[in-house]
C-alpha cells in the first residue's frame, strides 16, 4: 500500500442487486409488471468501496488520491465472480475478499418507483453472514488503514470487534449504521464519523422520524450522539439536504442540489459516504484540520449525480465527472 496517499478500507457486504423499475410500489396483494429490470453489483460495503475508488480517480484509473481495499466474502457462484470483477474494474483492492466454497453470494431485491426514484430493498445476506470476527485481525490490514468504513450488513459481532480494534490502534472509523440496529453506547465513544439517514437517525436516536423535520430536532438528536462521544454527526435528508454537527460545536444544513432529475436513489447514500470518506482520510493523512462542511458539500454534489442514473455501483460518478 502506498504511504503517500491515504489507505481506506471497507469492511462490509457484497451483494448482487436484482432491480425492478415499476410505475408505483405494489400494494399488499398487488402484482405489477416492471417497466425494466437490471442485475448489477451491489451491497453497501461494495458500493462504498467502489464510490471511494471511482471518486478518487478519473476513468482511466490514473493518479488515484487514495488506496481503497475491500474486506468481506462472496460465494462460489457466478455472482461472486461478478462482484470481484467489478471491484477490480474500478480500482478496488479485493485481495481481502474471501470466496467461500459451497456458499451463495448475497442478494438484494430492489424495487424502484419510476416516477420518484424511491426504492424498497430486501436483502438476503448469504456469504455476508460468514464474515466473522477473525476477518478483523487476519492479514494485519487494520494496521495499514487510515480510515475504516463499516455498515451493518455483516454480523454485529464483527462490527463491534472492528470498532474495538480500530480504537486500540488509533484508526479512524466511519460508521454508516444501515440497516439501522440499536448499538451499545460504547460504539459511539470516540467514533470519528457517524453518517445516517433520517430513518437511521430516528431509530438509533430513539425518537420519532417527524422530530427530524425541524432544524431544532436535528440539532437535538445530533447533540445526543455527540454527547455519547461521536466527533462528527452527519444526517442525510434526501431532498432537504444534509445536516452536520461536530464535537467542537460547528453545525450546518446544506441544501440539496437544485434542478436534479431523480431517476434512482439506490446508490446515493453510498456515493455520499465515499466522497465524504475521501475528504476525511486525506485530512487524517495530512494531519490538517478537517473541514466538515466542505466535505459534506462535496459529498452532496457527488450524490446528486448518482441519483440521475439507474443502478447502484454503475451510477456512481468518477472523479473527473464531479470536478
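Here the Cβ of each residue, glycine as well, is placed from N, Cα and C on the backbone.
Unlike curated records, TrEMBL annotations are generated automatically.
According to TrEMBL, the feature domain 'Carbohydrate kinase PfkB' maps to 8-318. According to TrEMBL, the substrate binding site annotation covers 15, 16, 17, 43, 44, 45, 46, 47, 153, 270. Residues or ranges marked as ATP binding site in TrEMBL: 197, 236, 237, 238, 239, 240, 241, 269, 270, 300. Look at TrEMBL and you will find 264, 266, 306, 309, 311, 315 tagged as K(+) binding site. Annotated active site, proton acceptor per TrEMBL: 270, in sequence order.
Annotated features, which come from TrEMBL, shown on the structure.
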residue : record                 : Cβ contacts under 8 Å, 6 or more apart
15      : substrate binding site : 42, 43, 46, 83, 105, 106, 107, 108, 123, 128, 153
17      : substrate binding site : 38, 39, 40, 41, 42, 43, 108, 110, 266, 311, 312
44      : substrate binding site : 12, 13, 151, 153, 176, 178, 270
237     : ATP binding site       : 197, 198, 212, 243, 256
241     : ATP binding site       : 253, 254, 255, 256, 300
264     : K(+) binding site      : 19, 21, 112, 117, 119, 307, 309, 310, 311, 315
306     : K(+) binding site      : 267, 268, 271, 315, 316, 317
Looking only at Cβ atoms, how many others are within 10 Å of the one on residue 309 (K(+) binding site)?
15
Looking only at 15, 16, 17, 43, 44, 45, 46, 47, 153, 270, which the record lists for substrate, tell me the maximum pairwise CA distance in angstrom.
15
Enumerate the residues of the same chain, 15, 16, 17, 43, 44, 45, 46, 47, 153, 270 excluded, that satisfy the criterion Cβ within 8 A of the mean position of the Cβ atoms of the recorded substrate site; list them in sequence order.
12, 13, 14, 41, 42, 48, 106, 108, 312, 313
Out of 153, 270, which of the binding-site residues is least crowded by other Cβ atoms within 10 Å?
153
For the recorded K(+) site, whose residues are 264, 266, 306, 309, 311, 315, find every other residue on that chain with a C-beta no more than 8 angstroms from the centre of their C-beta atoms, and list them by sequence position.
263, 265, 267, 268, 307, 308, 310, 312, 314, 316
Counting Cβ neighbours within 10 Å across all chains shown, tell me which of the binding-site residues 46, 197, 266 comes out on top.
46
Binding-site residues: 239, 311 - member with fewest neighbouring CB atoms within 10 Å:
239
Measure between the Cα atoms of every pair in 197, 236, 237, 238, 239, 240, 241, 269, 270, 300, the residues the record assigns to ATP, and report the largest value in Å, rounded to a whole number.
17
Per-residue pLDDT averaged over the domain 'Carbohydrate kinase PfkB' (8-318), given as an integer:
94
Just counting, how many other CB atoms are there within 10 A of the CB of residue 315 (K(+) binding site)?
22
